[in-house]
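A.B. asks: Below you will find the structure I want to go over with you.
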Amino acid sequence: MNLVLVLVSLVPIAFVLGWWTSRQFGARRSGAEVSALSSDYFRGLNYLLNEEQDKAIEVFLKLAEYNRDTVETHLALGNLFRRRGEVDRAIRLHQHLVSRPGLTDAMKTVALLELGEDYMRAGLLDRAEALFCDLVAMNAHAPSALRHLIAIYQHERDWHKAIEHARRLEVMTGEDEAPMIAQFYCELADRSRQHGARAEARDYLRQAFDCQPDCVRAFMLTGRLLSEDGQHADAVTAYESAIQADIAFTPEILPPLLNSYARSQQMERAEVFLREMIGRYHGVSPVLALAHLYKERDGERAAIDFLTTQLRQRPSVRGLMALIDATMDKIEGEARENFLILRDLTRKLLEGQAMYRCSRCGFGAKAHHWQCPSCKSWSTIRPIHGVASE
Amino acid sequence: MRLLAIILLLIFIAAGIVFGALNADLVGYDLGIAQLRLPKGAALLGAVVIGWLLGGLTAWLGVSMRQGRQQRRQSRADKKSPVKP
């Protein structure tokens, strides 16, 4: 056979063999890497799902060590550290990530956002604020950064800045932040009221109503301002509007409302309003208020009769306690001793009870807060309805 | 497995040396621009080695270019919608 022909036919055969060998070698090498990575990743994930965060951190640290380009792994680790309260480690990790050369802009801004959250968690609010401001200026993750900034300003009680950033957030996301902004104006109005700047307080309240026309807190603050100015009849109207706006806040509104009724000598109007309330509101507060009104006007007997009738329809520990207090003077001897024990018992029962609960996070409170101390959402703390509470 | 591969490699090297020694007579090649005179065995082995290297290089280049393309595509996607952990 011609030697050249043999050579020419050998070259493509060798080519195919070389190509096949290279592919086999490459596939084996990348396969080994992928399987090592994915098995570690799934092991870490498994630990996370089993709430074994210590072991998950160990696995992810190892993963990040031999695969230094895995930014997501670093971010996941940072999150884990922060959630475990190891904020200093989370900060170091995110700082290292931010300073890493060759990181894409998108990843760098994610790392900056995470670093800001670390600073917030560590209480370094000034550093967090600077970072979030930079992110907003860069228009990177601006909605998240704005939300964090609003949280910082709320914490610092810098309501003007909180309003400014909430408005920017509204424009950016299209979400309605008006109820939150109305609360900020109410905070400003309350502060002005406490400092005696009544005109300023009224101006803030007007702006709160502009944001949310049915803002209960703004109605209540208006009522309080009017009441302090001696305009009790107008205060009554404001308090009644507050109840019309959100009936759930009745236990909070009734005491100042009853005071304004009494000072403006409109007790007949009070009776009509409370009777209407009893029909609409299923708590015990209007019943107790009306019983008190009957006691003042018609005497103890009328109040006891009214309370007894109402308690059959809506059993309540608070109502029972009021009934015991009302009947205590009429009882003597052994029955009185028994009633005293019963009164102490009901008092202790009420003392241990949370009267309010956040409708968003379930936080229980004995007193009313406009902002939930746990989840920081506004106007979500409401009276608990039940035998032992409202 | 590794020992078997080493033995096979040694056998092929020995066969190559024997093959080269047995076909030591020179053959002339006219490449158009130059004329070469090579031993027959060396020409055969050279053809096999060149073909094998070319095949390996082609496969390696193909894989690396594909990976480069994928990385560029990924970084573009990251810029558009950054990953939120």
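Note that Cβ sites are derived from N, Cα and C of the backbone, with glycine treated the same way.
TrEMBL annotations: computationally assigned, not manually curated.
Note that the structure is predicted; figures quoted are calculated from it, not measured.
Sharing the feature lines straight out of TrEMBL:
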- A:23-390: topological domain 'Cytoplasmic' (TOPO_DOM)
- A:356-383: domain 'LapB rubredoxin metal binding' (DOMAIN)
- A:Cys358, A:Cys361, A:Cys372, A:Cys375: Fe cation binding site (BINDING)
A.B. asks: Fewest other C-beta atoms within 10 angstroms of its own C-beta: which of the binding-site residues A:Cys358, A:Cys375 fits that?
C.D. replies: A:Cys375
A.B. asks: Please average pLDDT over the domain 'LapB rubredoxin metal binding' (A:356-383) for the predicted structure.
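C.D. replies: When the pLDDT values over the domain 'LapB rubredoxin metal binding' (A:356-383) are averaged, the result is 89.
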A.B. asks: Please report the three-state DSSP label of A:Cys361 (Fe cation binding site).
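C.D. replies: In three-state terms, A:Cys361 (Fe cation binding site) counts as coil.
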A.B. asks: Hey, for the Fe cation site built from A:Cys358, A:Cys361, A:Cys372, A:Cys375, who else sits with CB inside 8 A of the CB center?
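C.D. replies: Close Cβ neighbours, site residues excluded: A:Ser359, A:Arg360, A:Gly362, A:Phe363, A:Pro373, A:Ser374, A:Lys376, A:Ser377, A:Thr380, A:Ile381.
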A.B. asks: For the binding-site residues A:Cys361, A:Cys372, which Cβ has the most other Cβ atoms within 10 Å, all shown protein chains included?
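C.D. replies: That would be A:Cys372, with the highest Cβ count within 10 Å.
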A.B. asks: If you run through the domain 'LapB rubredoxin metal binding' (A:356-383) with DSSP, how many residues end up as helix, strand and coil?
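C.D. replies: DSSP composition of the domain 'LapB rubredoxin metal binding' (A:356-383): 0 helix, 10 strand, 18 coil.
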